[in-house]
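S.K.: According to TrEMBL:
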{"type": "BINDING", "residues": "24, 25, 26, 50, 104, 105, 106, 107, 139", "note": "FMN binding site"}
{"type": "BINDING", "residues": "169, 185", "note": "dimethylallyl phosphate binding site"}
{"type": "DOMAIN", "residues": "17-189", "note": "domain 'Flavoprotein'"}
């Protein structure tokens, strides 16, 4: 995290906890940037990452995702730590919401069918059980009938499906601009105030 974000984080402390799940879909940069921004805004990010996410981050960004996240959060868990605090509904009631960003199609399917096979899907299912806000940022394209049905089931259960689709009215000049838009939309749905992307005006 750059010095500007670090200073902002020190100035904004204690706004609550947000859970971020990062799966092995392409676009782990979305998850990492989400954690950076949440911290800068004064939130406490609780992060869960999959083995696939670690592999994708090495391939796409050339970094050790776990080590990078440990610089930003004191609570970083691997998907196989099924006994970690987020696995319990009594623990997540103290959080403001959860975003899985990016969310793999496998994770979407697990949540849609109530299969809590790892810490990410278990935590997400718990969020739905206790009526906490859950956002799944789907990057995969195209989506087939099965994926659309799974997305519908999650939506019916109270989750929010947010495709990682950038808006070009912001006139992006870099990958960072696109990332900011998708992350910003995610924060909007989590009802977190920010100004990381330019909003539409006439």
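Cβ atoms here come from the backbone N, Cα and C positions, even for glycine.
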S.K.: Can you name the residues of this chain that are 6 or more positions from residue 185 (dimethylallyl phosphate binding site) yet have a C-beta less than 8 Å from its C-beta?
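M.R.: Expected: 162, 197.
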S.K.: What is the maximum Cα to Cα distance, in Å and rounded to a whole number, among the residues 24, 25, 26, 50, 104, 105, 106, 107, 139 annotated as binding FMN?
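M.R.: If we measure all Cα pairs in 24, 25, 26, 50, 104, 105, 106, 107, 139, the largest is 16 Å.
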S.K.: Any idea which of the binding-site residues 26, 104 has the thinnest Cβ neighbourhood at 10 Å?
M.R.: 26
S.K.: Using the structure shown, find which entry in 24, 106, 139, 169 (the binding-site residues) has the sparsest Cβ neighbourhood within 10 Å.
M.R.: 169
S.K.: For the C-alpha pair, I'd like the distance in angstrom between residue 26 (FMN binding site) and residue 169 (dimethylallyl phosphate binding site), rounded off.
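M.R.: Pair distance, Cα basis, whole Å: 24 Å.
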S.K.: What's the CA-CA gap between residue 139 (FMN binding site) and residue 169 (dimethylallyl phosphate binding site) in angstrom, rounded?
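M.R.: Checking the Cα atoms of residue 139 (FMN binding site) and residue 169 (dimethylallyl phosphate binding site) gives a distance of 20 Å.
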S.K.: Can you work out the mean pLDDT of the predicted model over the domain 'Flavoprotein' (17-189)?
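M.R.: Here the predicted model's pLDDT, averaged over the domain 'Flavoprotein' (17-189), is 97.
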S.K.: Which one is closest to residue 169 (dimethylallyl phosphate binding site) in space, judged by CA to CA distance, out of the binding-site residues 24, 104, 106?
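M.R.: For residue 169 (dimethylallyl phosphate binding site), the spatially nearest of the binding-site residues is 104.
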S.K.: What other residues of this chain sit with their CB within 8 A of the center of the CB atoms of 24, 25, 26, 50, 104, 105, 106, 107, 139, the recorded FMN site?
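M.R.: Apart from 24, 25, 26, 50, 104, 105, 106, 107, 139, the close residues are 23, 52, 53, 102, 103, 140.
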